[in-house]
């Protein structure tokens, strides 16, 4: 097989599929983040009843992102989506300090789930465009993220509204998917 045919084969190779679970409390900005990733209009977003799925191409991967509603009544159903998850993205509203304890509890429970064991987790500290937003370092400390030892994790400041920090987070996702998939 010549070099040219090898290159053709590589070029035609389909992108590797990655299953990403996008979770967080209601109003954290999950759907806005997903639409930002898909370069879609973010001016009219309503609370997610159930789930949204979008596929996004990034760095040779086809990222299949499952955005699951975060309302309290929907959260018990999150576990129905855990199977075969490659990466967990957890979104936090950095400006809603009254809910830090609640979001921390939900994240802690997710990290205890057997079907999510060893799954890398990216925590987006969202809404950094708001003056009242807590910095990612303060959130990381408050959630005791430094105690996570059984998986790769990253906290990333972002604004789903402006797009700032979103690509940095997705670069981390792609890097950790390639490490996991090898």
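Using the three backbone atoms N, Cα and C, a Cβ is placed for every residue, glycine included.
Keep in mind it's a predicted model, so treat the numbers as computed, not measured.
Lifted from Swiss-Prot, the feature list:
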LIPID     2  N-myristoyl glycine
MOD_RES   5  phosphoserine
BINDING   24-31, 48, 67-71, 126-129, 159-161  GTP binding site
BINDING   31, 48  Mg(2+) binding site
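Features recorded in Swiss-Prot, as mapped to the structure shown.
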| residue | record | DSSP (3 states) |
| --- | --- | --- |
| 24 | GTP binding site | strand |
| 30 | GTP binding site | helix |
| 48 | Mg(2+) binding site | coil |
| 67 | GTP binding site | strand |
| 127 | GTP binding site | coil |
| 159 | GTP binding site | coil |
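A gap of 9 Å separates the Cα atoms of residue 30 (GTP binding site) and residue 48 (Mg(2+) binding site). When the Cα atoms are compared, residue 159 (GTP binding site) and residue 31 (Mg(2+) binding site) turn out to be 12 Å apart. Around residue 24 (GTP binding site), the same-chain residues at least 6 positions away in sequence with a Cβ under 8 Å from its Cβ are 30, 70, 90, 91, 92, 93, 103, 106, 124. Summarising the environment of residue 27 (GTP binding site), the number of other Cβ atoms within 10 Å of its Cβ, over all protein chains shown, is 16. Its Cβ placed at the centre, residue 127 (GTP binding site) has 24 other Cβ atoms within 10 Å. On the backbone, the CA of residue 127 (GTP binding site) and the CA of residue 48 (Mg(2+) binding site) stand 18 Å apart. Within its own chain, residue 67 (GTP binding site) has 22, 30, 31, 34, 48, 51, 52, 53, 54 as residues 6 or more apart in sequence whose C-beta sits under 8 angstroms from its own.
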